[in-house]
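K.L.:
What TrEMBL lists as compositional bias 'Basic and acidic residues' is 1-10. Positions annotated as compositional bias 'Polar residues' by TrEMBL: 12-21, 326-342, 812-822. Residues or ranges marked as compositional bias 'Low complexity' in TrEMBL: 795-805. Taken from TrEMBL, the feature region 'Disordered' covers 1-21, 317-362, 770-822. For 81-106, 118-136, 143-163, 175-197, 230-250, 270-295, 540-562, 582-603, 609-627, 648-675, 681-700, the entry in TrEMBL reads transmembrane segment.
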Amino acid sequence: MPGSRSRDEAENSSLVSSAPTFSHAAAEATYAPPPRRAANALFPAGGFMEPGRSPGGLANPPAENAVAAAERASQKIWRSYLYGQLANVTKAAVWWSMFGTLMISIVGNDSAVGITRAAFNLALVLVSPLAGAVAERASIRRLLGTTTVTRLLIWSAAVPAAWLFLKNDLDRPDLFLLCLVALMFFDGVQVAFANVVDIDCGGLDTLSAQYDLPVDDSLRNKMNGCHQMVFDLSFIVFTPPIAFGVYLLSLHLHHLLPDSWLPYLGSDSGVFALVSSMSFIFCVLSVVSLGCYVFGLPRRSARQFFYPEGGSHDGSCYEGSGGGHTSSAEGTSDEMASSSRGNRLLTDTVDNDSETSETQTDLSSVHTLSLFQETASRLEDVRDGLLIVLREKELGWRLVFLAFETALEDSMVSVVIPELALQCCVTAFATWGVLGGSASHGASPSSTAGAASVLGSGIADGFSVEGSTAVPLDAEGGGAFPVSSSSAFLLSAGDELSVSSFDFALGGLPPFSFFSLPSWDFTLTAAEELPLGASPNRAFANLLAVVIIAVGKIGGSLAGLYMNRRWTPPASYSRDSAYRRLFWCVLASSFSVALLPLSQFLYINRLAPTWLCAALVLLSAFAFFLFSTAPKIGFATLLQGLVASQQVACKVFGFVGTFVTVTDAVVIACINMVFTAFLPSHFLSALLCVTGVYLVHGLIEAFVGPLLILEPPTAGLVAGAEGDSGDLRGATFEARGREFAMDARDGDAREVAGAGVLFDASGWSAARPANRGGQSFLPPHRGPEDGATGFYWTGEAGASASGASHYPLAADQQQRGVSRRS
């Protein structure tokens, strides 16, 4: 039939030509779950769907061509979203690594990190409920594009401009700090809106819902794994070269900048290099992300959005884990938020009366609530989550420990390591007088005035050498220490050097002599005259901090690799399970922090060579992240299991994100205050106090944590009992004075003798269903012999009665809202 054939070809050509615009009707008619996926590739060569071949080698029919065209469009969308996210997570790694040093450098005060992070986290807490409600109504393309552009303007334009004009031109550091806090708050607002559509916080499901793309657990695992791998590798292989480039830039800025810009370099060209480099990095990576979103994600109107069950947002994810955010953190909070959005158990078991916004399947029904009402509903969910956590002892303590684990890890990245690096830079400068610094532009490096502008006020005109009288430092030429021509070394009055040998800088490089230090006998007795501002080059301090963090992340990556491949979560939460070993890992990570003050003590008193002191610092960072990452992953599973036992899990997860974010800001501010309270001359004392905080946390969690969170050993668990029908294999439980044994073959409950296992406060017995985080469970029901005892049973949904495993529930578990589902 010629007419019919030409009509088919015309329709086929129309479908293929319309594929790049991704027609909603065509996608709805042709998309289906993929029948087969490539095992070792994120994006299969044949696409997410591989249309079958026609038998006998015939050409594919027009319908298959339409499927292939739609598949190519879907691949473009997935790739564009993934590549944009990878550029964004690389930017997050740079932000986490350089944030602490940058804030202290541009503000000129140790308290800068605590103040700015408090503003940032406050914005996350306040805006996250609104961001979750907006995400259900707005286009993911618009959200990603808007937040990316706004953060680009903040870090590439607003922060550098405020530093140049308020801090330098107007010389108003107080006004600059106020402006910086406002910018950090606004940046936190943007991160709150970006988090709800990120890969690790449910963005895959949102993208799938808005573009009708097929998504399953295999794809989620692949893209989440790729996302996490790039984030970890960025700390290790990307940020150190960036930091080294910033340091090299700081050494040559006075040659690269025009004369009119030289006054902005001030006494430390490293600060200018840090600000300009952060601006450039944010600009480049943001442009890459923005290009992927704008050109890779098609436009779609709001009326086309479709949200399947479990694809909505609760706004509980946050960037606080270095990473992050994650920083990190980024880490535990990401896994929890991901579970609260993508896990069907959490949405299927929600009370339909109070969690309407979490279980809607169509956007039109979501819009029955206004934006204000939806935001208010989410705030009520946070309040309800707080009440549940206060009622459940194990859940509450696990959340408290999780919050402090996350906050102390973020504090290590944002505060402790940058402060240590800056202090090492100051000490090295006082010892060798180099590190790439130079005197103020326009002054002689050998002059006292030039040196005063480098070191700040309080510079006197003499130093003494052991066994000799004081040697004056005059302005004619005797004021310069005989080191490289690019640096000057001056000591204040009262500073004493006991010198038995000298090593001079060669070629402008720091004269680190790894094996000659034991023959030196330096003692700085007036370190208060060398404040933090005496560092000649903050870019070098930033390089030290980034390298230390990178070494630590290597340990964290190794621990994560082991936990993901070798560690299996225990089926029970008893104190004799594998969870107990994770508490000892927390203690080991806390003890590793003690190596930091030890290295400082050995270095100050010249009891060890420089290379050994540096090795202790790197070993401390490596061991801290190695031993803290393993329990963070394992305890995330434990917390998710405790939360999943609640019938309003989404409420609990919403409160978890809020509580962890608030705790993160408070702990970072407190750690920062410790360093601020001590003078620079007593940095070792401040470091000892901070180490004490980590040790107290480790001791409490190792020895008290298992008693508060885990259950008593299951020694009384009966393996089986003899019944009338033969060998009865099951578990024996004690509930409200009665003991039951469940037969896995027929599901009957019968009263037997023997020691049982008491139910915990969550209503689950010690022998909880294994891996229930990915299962759905039947509503509680009574056993045949329970009568009016108030005792209930549950089982895996979808399993046959003959093959299902049934689990007992305490009566108070049923009273927590389970009955409202029936």
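Backbone N, Cα and C define each Cβ position, glycine as well.
What's the neighbourhood like for these features in this structure?
P.N.:
Counting same-chain residues at least six beyond the ends of the transmembrane segment (143-163), those with a Cβ under 8 angstroms from any Cβ of the stretch are 84, 88, 106, 134-135, 176, 179-180, 183, 186-187, 190-191, 193-194, 196-197, 275-276, 278-280, 282-283, 286-287, 289-290, 293-294, 297.
Remote same-chain partners of the transmembrane segment (540-562), defined as residues 6 or more beyond its termini with a Cβ less than 8 Å from a stretch Cβ, comprise 96-98, 100-102, 105, 228, 232-233, 235-236, 239-240, 242-244, 246-247, 250, 270, 274, 412-413, 417-418, 420-422, 424-425, 435-436, 510, 617-618, 621-630, 633.
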K.L.:
By Cβ distance under 8 Å, which residues at least 6 away from the ends of the transmembrane segment (681-700) in the same chain are close to it?
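P.N.:
Same-chain contacts beyond the flanks: 404, 408, 416, 419-420, 423, 526-528, 586-591, 593-594, 596-597, 600-601, 604, 671, 674-675.
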K.L.:
For the transmembrane segment (81-106), what are the same-chain contacts with Cβ under 8 Å, counting residues 6+ beyond its ends?
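P.N.:
Contacts of the transmembrane segment (81-106) (Cβ under 8 Å, skipping residues fewer than 6 from its ends): 42, 112-113, 116, 144, 148, 159, 163, 167, 180, 194, 198-199, 203, 207, 223, 226-227, 230-231, 234-235, 238-239, 242-243, 268, 270-271, 274-275, 278, 281-282, 285-286, 288-293, 296-297, 319, 322-330, 413-415, 417-419, 421-422, 532, 538, 541-542, 545-546, 549-550.
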K.L.:
Take a look at 118-136, 175-197, 609-627 and tell me which one has the most Cβ pairs under 8 Å to the transmembrane segment (582-603).
P.N.:
609-627
K.L.:
What residues elsewhere in the chain lie close to the transmembrane segment (609-627), defined as a C-beta under 8 angstroms and at least 6 residues from its ends?
P.N.:
409, 412, 417, 420, 512-515, 517-518, 547-549, 551-556, 558-559, 585-586, 588-589, 592-596, 598-600, 602-603
K.L.:
Are there residues at least six beyond either end of the transmembrane segment (230-250) with Cβ under 8 Å to its Cβ atoms? List them, or say none.
P.N.:
86, 89-90, 92-94, 96-98, 256, 269-270, 272-274, 276-277, 281, 323, 326, 330, 436, 537, 539-540, 542-543, 545-547, 549-550, 553-554, 556-557, 560
